[in-house]
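Asks: This is the structure I have questions about; it appears just below.
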């Protein structure tokens, strides 16, 4: 117990030093740049009953981009006309690496707006003006939203116009907008929020966003790893001991996660892609497999005495539950298992890359990592209650977590394997679990209910293994429907011709992407005529050529085999009939960044993406729709709304 308290004191002292360092950096950081709301001030008025005059007052030493302005209404009853924008000064811009029109002084934009329909009751609505500017000294701000509220005037033509602030961050959370900040997948909006909110509010917000991320697949693989550390204790785990191990694990995870995020933001490189190469995934899978074998007492996971003396304290070994080992495993988990590009992470990385503000961006990432670790901390705190005391039950629990470790290791390497090998691997794993449950041993005459239940579950696992093996042997490639192809065997020939004809017709508009989608792998079917097909893009030049020839709106999808959220989008979003119908109106392009080569990195850097999933939209003329982009997973309902905006 004394050792644990001493360890906690060391952690507390370390975090105190870290906090003082952050505060000192923040205090001495240069304050030469204006806040965006002071550098770019919007004044709006109704110049005519059906025309809005938008005057942007730009501070000296700052400028705004003419082509970066966009306008959007939140009502379908009113339409906007073509904005009349002043001519700017043409200058080569290093940020976008091309010549652009810039506004260095006040800019007035005249925006036509239709009258409110007389047959509809008047109601207030919002006009969102989006623009972006920079400082001549070298700082480029994220795109900013300026929100105006318009109220139809029944007694007179026109609208009553008022500027509307978004309110404080706490007011937005109180209004139920926290989930929108996470699941809205708007990295640009979050970057803008970072630029206009204080350090305390940002820290609290990203901690809350981390809590929501803890409910996603980003954190699930870490659960069995921490469980092994808790179960590996040779004695009963007290609450204080379990909490200290969990805190060390989360500390290691959060420090590495933050460091990687800051480095990625400053360099513009992908956070996860560098760490998802086959040899790195394979190495970490082998490590998890070795830990799993130790859970079955195949050997005692302990370093040789000579290495222990040099690298760790005496008797230090991972399964002994040492705090240093927990921190090491947390760091490794953040490196390999943890990176998961969602909107909060992408927003923080985008903010760091555009402003270079490491203190605020890094604080947001650090707070988010601790929010993600809250379930792990609760697991450690409750270890004394949840973990059974030493005895026969403990042996069963160790084997259970050993199976979880094997499953995590296999899950990590499945993107590198063909579908049939993935299925056979899962079949072997469930068969191994059935053997551990003594499924094939006879029950005693007076077997208890628990023994009968255990054998029943084991038989189900054995049956699942048999179905998977038969499915693979008969040509099936489906994990969820391993025998589904047999039911359609008789009609396969007749349907095959129609499908090939439809696919060929679709190829004239968009060539199918190489490899099968996750839905094809899960259902064991070839894509039907209505299933969206993607044309694979490999280089920036190839993309520019396709965009120049496109006569339809374009959707560009960034994908990787190791991206969990990408596969979720394929399995649950892209197959929805509403989504399929709308995607059929778009030219669908896809960039596979699994290899993370120079061309992949150039494409991601061009669109300020730090990893998949990311979806960029373009108009029929090939211009990027900067007001619409998706980072992270979106369900079918939200993605349908996104597509509706893209098709306007």
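In case you wondered, yes, glycine gets a Cβ from its N, Cα and C as well.
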Asks: Ranges 153-170, 171-188, 423-440, 477-494: which does TrEMBL label transmembrane segment?
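Replies: Result: 423-440 is the stretch TrEMBL calls transmembrane segment.
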Asks: Transmembrane segment per TrEMBL sits at which of 323-352, 503-532, 533-562, 563-592?
Replies: 323-352
Asks: Which is it, of 120-147, 204-231, that TrEMBL names as transmembrane segment?
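Replies: Result: 204-231 is the stretch TrEMBL calls transmembrane segment.
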Asks: When each of 279-302, 358-379, 400-417, 423-440 is checked against the transmembrane segment (452-473) for Cβ pairs under 8 Å, which one has the most?
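Replies: The listed stretch sharing the most Cβ pairs with the transmembrane segment (452-473) is 423-440.
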Asks: Using DSSP, what's the helix, strand and coil tally for the domain 'Thioredoxin' (507-648)?
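Replies: The domain 'Thioredoxin' (507-648) comes out at 56 helix, 27 strand, 59 coil.
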Asks: Just the number: how many Å between the Cα atoms of residue 563 (disulfide bond) and residue 140 (disulfide bond)?
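Replies: Just about 30 Å between their Cα atoms.
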Asks: According to DSSP, which of helix, strand or coil covers residue 134 (disulfide bond)?
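Replies: Residue 134 (disulfide bond) sits in a strand per DSSP.
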Asks: Which site among 134, 140, 566 has the most other CB atoms no more than 10 Å from its CB, taking these as disulfide-bonded residues?
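Replies: Buried the deepest by this measure is 566.
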Asks: Can you work out which residues elsewhere in the same chain, 6+ from the ends of the transmembrane segment (423-440), have a Cβ less than 8 Å from its Cβ atoms?
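Replies: Tertiary neighbours of the transmembrane segment (423-440) are 399, 403, 406-407, 410, 414, 417, 454-455, 457-459, 461-462, 464-465, 468-469, 471-472, 477-479, 482.
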